[in-house]
């Protein structure tokens, strides 16, 4: 079977995939970390698209996702998903993080996109433990692509080598890489 899940270390804004997933905050207006980097690289068109979404629905709730155009990014679209803030693991964080991945994947598939790149959602300023977040990400994506034809290719884009190795280990254990 052809490998459908890949680990890449680098800058998610440079990837030529159909969809880049943005680890957004509820306002969708950009912020720090990967959210800010995606907004800066995409230019004003992305902010305008996010403003339109906000006018239609208000804030994006935790675990939900919305899709917009990609502005100046090499991608065709951006899925903005809001992951949970880590509060010790007793506030349904695992389910909310799983929902963030699932709702992103559903939007990718519903719009017939074939490739998607995910950052490590919630592991920056939202302080989700990296190993636990990676386990949820790998399990959720693996289960989804087993049951769905799209997306054909999924990339976990890691900012540093340590996180990339974490994802690679998990995928090797599952036999997906």
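Glycine is no exception: its Cβ is also placed from the backbone N, Cα and C atoms.
Annotated features, as they stand in Swiss-Prot:
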- 35: active site, proton acceptor (ACT_SITE)
- 11, 12, 25, 33, 34, 35, 122, 123, 124, 125, 126: substrate binding site (BINDING)
- 1-175: domain 'Macro' (DOMAIN)
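According to DSSP, residue 126 (substrate binding site) sits in a coil region rather than a helix or strand. Neighbour density for residue 124 (substrate binding site): within 10 A of its CB lie 18 other CB atoms from the protein chains shown.
Binding residues for substrate (11, 12, 25, 33, 34, 35, 122, 123, 124, 125, 126) extend across at most 19 Å, taking the greatest CA-CA distance.
Comparing local CB density within 10 A for the binding-site residues 25, 122, the maximum falls on 122. Sequence-distant neighbours of residue 11 (substrate binding site) (same chain, 6+ residues apart, CB-CB distance under 8 A): 37, 157. The distance from the Cα of residue 126 (substrate binding site) to the Cα of the residue listed as 'active site, proton acceptor' comes to 12 Å.
Taking CA atoms as the reference points, residue 124 (substrate binding site) and residue 35 (active site, proton acceptor) are 10 Å apart.
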